[in-house]
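Straight from Swiss-Prot, the features:
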| type | residues | note |
| --- | --- | --- |
| BINDING | Gly112, Thr113, His114, Gly115, Lys116, Thr117, Thr118 | ATP binding site |
Amino acid sequence: MKHIVKHIHFVGIGGAGMSGIAEVLANLGYAVSGSDLSRNAVTDRLEALGARIAIGHDAANIEGANAVVVSTAVRSDNPEVLAARAKRVPIVQRAVMLAELMRLKQGIAIAGTHGKTTTTSLVASVLAAGGLDPTFVIGGRLISAGANARLGTGDFIVAEADESDASFLNLYPVIEVITNIDADHMDTYGHDFARLKQAFIEFTQRLPFYGSAVVCVDDPNVRQIIPFISKPVVRYGLSPDAQVRAEDIDARDGRMHFTVIREGRAPLAVVLNMPGLHNVQNALAAIAIATDLGVSDDAIQLALAEFNGVGRRFQRYGEVPSADGGQYTLIDDYGHHPVEMAATIAAARGAFPGRRLVLAFQPHRYTRTRDCFDDFVNVLSTVDALVLTEVYAAGEAAIPTASGDALSRALRAAGKVDPVFVATVDDVPDALAKVARNGDVVITMGAGSIGGVPAKLVQHIQQKA
């Protein structure tokens, strides 16, 4: 590719999916440029690596580019897209560019409705501990690496495979993981769940004859597609028929202790440095791959025991002063689907037994809130106190019956929690100051702008003091 393409431009370079690819390409020696609507830590990092960053979208930004990379979130009338089309500069979908990177190495693609980022991070960490030095492209910041992407010297590239727009069908990895299959992003599949499951089957058909599909048999929808997978299958999970499974699971001090049972191998005692049964499952996927690739048991144990997590995935901010003179434990999480939220809440209950759980939640997308409305009511009713914001639209038109206020009214009618509704994320710190008290566990949650709240909370409390 390099003899033809020397300069690659990214429209929306600050996004999690785009920035990782841009960083790997920059480290491979390509000239990288990009634009976004605002600066953030990611754009600053890319600039330090030599990328040319423009704030705002303008036709002039693509000057000199041999290819322009876009995601499905970029509109066709974007001025940079229009300029590329006018100049006959190739416009490349993000997943197609990721597929090009995978052609340079042996790809390990992590798919599933939930858990992709954490599982990708665990796989990358375990392979790194085993000396395989993988390249990785992750949808969140791997805390130990301080980045969401890295160019390694080894044979493997580990990356997330995105089913939300069916773009994972562009990838041709040698190992695939399917963590679970759930109803999300259903607009892509015509609101037909059978079409979604068929897409995952087609994803496995991208594997070569020597490849393998590593699948979580605890998920009933994954279990249903196994008979239709024609390539070798490795089953992992907590189920008795899992080939890589966890037994004797014990949650202690925010960690998960368990024994790994693998066919033809001695039992392996593991301590995972993060809470939650769902993370045990995610770790089992990494263990299955690492075992297949010859990583030692010692390296597996070390990587999982020292795993520092991923940004915004049950990310701990430590103790924050509460308005009553005490302090509460602050956690931030990206969860935005009821299934993910339930797993995070269960993990918090297990990690902090007996403590009051306060959730500040920003719903993400009106269509998701509409499609999962009753499930949101059910999961949000399981916390002890709730601050709820208006929906983060993500470019969608408002749906009055699926607004934050409508969700708040439904929760109040259900009678299990009395939500404090705030119109904007900017109001969350004030609301939490009134709700949170000494000894609480406070979780800020959502895929939108609420991710900026935790860093403001300490400053907010100090200003109020």
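From the backbone N, Cα and C atoms, a Cβ is placed for every residue, glycine too.
Not measured: the values here are computed from a predicted model.
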Cβ-centroid neighbourhood (8 Å) of the ATP site, Gly112, Thr113, His114, Gly115, Lys116, Thr117, Thr118 excluded: Ile110, Thr119, Thr179, Asn180, Asn282, Glu340
Number of other Cβ atoms within 10 Å of the Cβ of Gly112 (ATP binding site) across all protein chains: 23
Site of maximum Cβ density within 10 Å, from binding-site residues Thr113, Thr117, Thr118: Thr118
Candidate with sparsest Cβ neighbourhood (10 Å radius) among His114, Lys116, the listed binding-site residues: His114
